[in-house]
Amino acid sequence: MLVNPTVKSTPKWSILVVLCLAQFLDVANLSAVNISLPTIKLELGFSGSQLSWIVNAFTLTFGTFLLIGGKLGDKYGHKRFFLAGLIWFSVWSLICGLSRGVIMLCVARAMQGLGAAATIPNALALIQLAYTEKVENSRALSVFSSSGALGYGIGLVLGGVFTATVGWKSAIMGVVVAVVAFFVIPETHPSIRANIKLDIGGAITITVALLSIAYSFSDGHWSSVHVIVCLVLGVFLLFIFVWIEKRVESPMLPMSIFRTRMFSVMLLVGAFYQTWYLVYNLYCTLIFQEIMGYGALNTAYAFFPLAFPGLILNPMAGYLIPKVGVKPLLVVGTSCMAISAALFAVTDSNSGYWLLPFTSMCIGEVGIAMTYTSAIVATLTMAKSGEHGLNSAVFSVAMQAGSGVGLSIINAISDAVINSTGSHMKGYQIGLWIGFALTLLCMMITLVFVPSKATLERKSIARVEKAGGKDVMVNEALADMAYTQPAILDKSAYTEVDIECIEKEDGGKEVLGDKTTMSDTVGKWGRRETSTSDSLAWASEQRVYEWRDDYTLETAPDDPGLEADLFDEENRVNTGINFKNYAQMKVSIRDGPPNLEPLQTFADADLHPSVLQNVLRMNYTEPTPIQKNAIPILEKNYDLMACAQTGSGKTAAFLVPIISMILKKIASGRIRPARSHVGQGRFKALPLVLVILPTRELAIQLFEESRRFAYKTPLRPVAVYGGASPAVQNEQVRRGCDILIATPGRLQDMIERGNISLAFVRHVVLDEADRMLDMGFEPQIRKIMLSSNLPRDESLQTLMFSATFPNQIQVLARDFLKEDYCRLRIGRIGGTTTDITQRVLYVNDFDKNDTVVEILLEIPPSRTMIFVQTKRTADSLDDYLYNKMFPTCSIHGDRNQAEREQSLRAFKTGRSPILIATAVASRGLDIKDVMHVINYDLCDDIDEYVHRIGRTARAGNHGLATSFYNEKYVSLAPQLTKLLQECEQEIPEFLKSYVDPDVTYETEEFLDEEEIQGLRGSDDGDGVGTGDDGSAWDANTGDWGMGDDHQTSTSSGW
């Protein structure tokens, strides 16, 4: 949602405070009335049935109009109906306190129920819209629950005090809260409301049906004709309602939500919970006052353990849910509720308060906090966009059904026991024992049907399921939702037949809901085509060219299958219409080789024929500026620090010359074994080339590139990175390793375990070097570069590549390079390309989800990367878009490596063309046809922003980058505005105050040696040092010796 940039974003905490205050006042009023019931009965001369109507009048209207209140909030705005309901509730609360007769009091209570029916579901919906991340959402809901617990306790005390002192009449000050709420609570998304149509027929039918059923169970005279008629009429209208909802375009209550097992179980839990809650409160109150002789005030004090500990227990439950899931909390909660009811059921008139009642209530409060918070979080998490009010209303209806139907049945049984035995105590005890049995049943249902957190995480992995004869990617959402996810390979719309084909799974269970919604929302994202599951568990297991001892570089045979896989058109990023603009970029070289002549073609580089042939297979027709200048520098054995824009070909700039140089040495007979034998069947890899990268995804991508450039050569590339199976990677290393691509942690581990020796390494590449040092990898990098057996003499060539080199990183990089290292810059350090159209939108946090949907629907389907700042947001947005039927996948640091690799493969192949990612995907990934990058969360610094948007507009292609800006990102605004100016992009109105009319477009230079030493503060030396172990390099012959690591050579891998 786009908002006026001059309007400040409402702090989320203030929204929660207002909603909690409203909840507090509502519950306080209700509990005050409940504690006063015995006194009201005596003062106004009510009969028992009339007294029950004081409770039932509220329950009737509240339960009946909940669905309408939630649906109207979805349509016309949750804020409007929250305020209307709060004011209505407050006015009728005042009238309730002024009532003098049974009719007036019951009418006032019924009107209170109407207000609560509008307030509660819309309050819950407002929380869902304001707190979109899973963790903060569960905690916000737990705080909201705590306000209800506090209201319950305060209401009991106030009700008891008023009843004992000035009488039972009281009023509530909700109007004050409504005034505050008017200014604090934001309105909900208008575009969503515009698409919601009211189902008038369904609304009328369900209202009359619920009213009839609620009345029949509330009346108590079950054998009377009018009660039977109302019950039959209500059931009949329910069937009519279901029939209507299946046939209207915009149903009042989509039947598809009940197909989700988790949602249905939570409704059952809500009904059982509310039944237990009312039964426990009612019979405990009756036992305290009628059996144990407590007055109203003492009864209020006695209920303290059931109210105030919730202030701690509810937030505790909210904190635990993201960590352990809802299942353990539901099991613990329902068990505590059962124990609590059993303890109070054995209480008698001689029991003291502290032995059984107090213990019972303390345990009961634990059960209340754990059960209610878990159930409401699980239920509301499953809400689709525009249906938050509906979901909360359905859950509240289930609770009211439990309170109406359950309480009526248990009351009838209790009354029957009292009439047959003449003992009120036995009747109350029977009611509590029934509550005990219900909560035990609820616990067993939870154990059987609610999946654990581990199960949900496994199901959230994108996996291939067979459905309707097709392979369908299924990405199950948080709460065991089984909506099938479409994917893009074809831009044609879904047909009814296509939808039918993917609507079944697990033996025919329907998992898609409304077909019209599916087609209208994401049909344009294309029809799913048949795909096959990936046969490899790990990317590092991808096949490489297997060299044999009898091969030569001239006679090595083709491998048609591997060649088709490596050089297929789908795996290449083709040059775009603006590729030739690269030639106009300013090139700056400092301290490089004299008389350096940039390449004009790859043929000018005097590359080894095998490498040149692979370059041609990759369809590289002309070198990019970084390749034109870096390749000659590397061939002259200079160390290099190179900076160029993202997507400008940095990977080929170092892989091509390094592989070529090694092959030339092999051709001249200067070779060494790919591994050494260290005894007891163990082998140690002895790589020639070491490439270190910050992330696993980059390591996988560079491994794929090295497979291509090393095709039909004796050089064997291997990738080692964290998260994947060490045993698998050890096996790959054991078979021989010449080009080692590694992340710092896994590399250091393999070195320490003796699986890899760096004694023969002649080329070290630190790719995305600034990122590695900035991410805290400096200790590992220093240990690898300066403390391992890596040669530290003139034989070692060290290269550093990145799109950005901040000053402090240039200082650190100086320690790893030779004194005469060369510095190469293409364009501006930290700059980006004008091929990217950058647009910045002002979007509040709670509008981001809906805005993403709008953007995805307004542009043609294309590969899209959405960047978020946290892992929680990645999961939350993935669930949200997934439930909107978009073909999404996600990667972040908490996903295991198999999940990350699977998501990237799905994104690259087009099976899931929307990738949601944290910073792990912002660097270096080169994926074909990424047309759009969305910065859902802006990053902390401009360099990270440059890397993110650089995932699009690769190799001269066009791309679009959309960023969501609000006041959280003010610190980034000056740099962001300057970058927009430099790239000649449109400056949005809310950033124009940061525009610098005198901004210069001069390119930034690398720091000179004097500046580096000034930033260092002292001369630490050249950082190269001399080798003290490892291999021996003969500078005269240009050959490798064997060093300490060699024991028995083998020919394996050559």
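Note: Cβ is positioned from N, Cα and C throughout, glycine not excepted.
No curator has checked TrEMBL annotations; they are predicted automatically.
Over in TrEMBL, the protein carries these features:
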{"type": "DOMAIN", "residues": "15-454", "note": "domain 'Major facilitator superfamily (MFS) profile'"}
{"type": "TRANSMEM", "residues": "51-69", "note": "transmembrane segment"}
{"type": "TRANSMEM", "residues": "81-105", "note": "transmembrane segment"}
{"type": "TRANSMEM", "residues": "111-131", "note": "transmembrane segment"}
{"type": "TRANSMEM", "residues": "143-162", "note": "transmembrane segment"}
{"type": "TRANSMEM", "residues": "168-186", "note": "transmembrane segment"}
{"type": "TRANSMEM", "residues": "223-244", "note": "transmembrane segment"}
{"type": "TRANSMEM", "residues": "265-288", "note": "transmembrane segment"}
{"type": "TRANSMEM", "residues": "300-321", "note": "transmembrane segment"}
{"type": "TRANSMEM", "residues": "328-347", "note": "transmembrane segment"}
{"type": "TRANSMEM", "residues": "353-378", "note": "transmembrane segment"}
{"type": "TRANSMEM", "residues": "390-410", "note": "transmembrane segment"}
{"type": "TRANSMEM", "residues": "430-450", "note": "transmembrane segment"}
{"type": "MOTIF", "residues": "600-628", "note": "motif 'Q motif'"}
{"type": "DOMAIN", "residues": "600-628", "note": "domain 'DEAD-box RNA helicase Q'"}
{"type": "DOMAIN", "residues": "631-823", "note": "domain 'Helicase ATP-binding'"}
{"type": "DOMAIN", "residues": "851-995", "note": "domain 'Helicase C-terminal'"}
{"type": "REGION", "residues": "1009-1054", "note": "region 'Disordered'"}
Non-local residues, at least 6 beyond the ends, that sit with Cβ under 8 Å of the transmembrane segment (111-131): 12, 15-16, 19, 22-23, 26, 29, 57-66, 68-70, 72-74, 78-79, 81-82, 84-90, 92-93, 95-96, 137, 139-141, 144, 185-186, 188-189, 376, 380, 383, 388-393, 396, 845-846
Winner by Cβ pairs under 8 Å against the transmembrane segment (328-347), considering only 81-105, 265-288, 300-321, 353-378: 353-378
Leading stretch by Cβ pairs under 8 Å, where the reference is the transmembrane segment (390-410) and the options are 223-244, 265-288, 300-321, 353-378, 430-450: 265-288
Contacting positions for the transmembrane segment (353-378) when only residues 6+ beyond its ends and CB under 8 Å are counted: 124, 137-138, 141-142, 145, 149, 262, 266, 269-270, 273, 277, 280, 284, 288, 292, 302-307, 309-310, 313-314, 316-318, 321, 326, 329-330, 332-341, 343-344, 346-347, 392, 395, 439, 479
Dominant neighbour of the transmembrane segment (430-450) in 81-105, 223-244, 265-288, by Cβ pairs under 8 Å: 265-288
For the transmembrane segment (265-288), distant same-chain residues with Cβ under 8 A (at least six beyond the ends): 34-35, 37-38, 294, 298-299, 302-303, 306, 330, 334, 337, 340-341, 344, 347, 357, 361, 364, 368, 371-372, 375, 378-379, 394-396, 398-403, 405-407, 410, 414, 424-425, 428-429, 431-432, 434-435, 438-439, 441-442, 445-446, 449-450, 479
Helix-strand-coil residue split for the motif 'Q motif' (600-628), DSSP-based: 17 helix, 0 strand, 12 coil
Secondary structure tally of the domain 'Helicase C-terminal' (851-995) (DSSP, helix then strand then coil): 70 helix, 26 strand, 49 coil
Overall pLDDT for the domain 'Helicase C-terminal' (851-995), taken as the rounded mean: 84
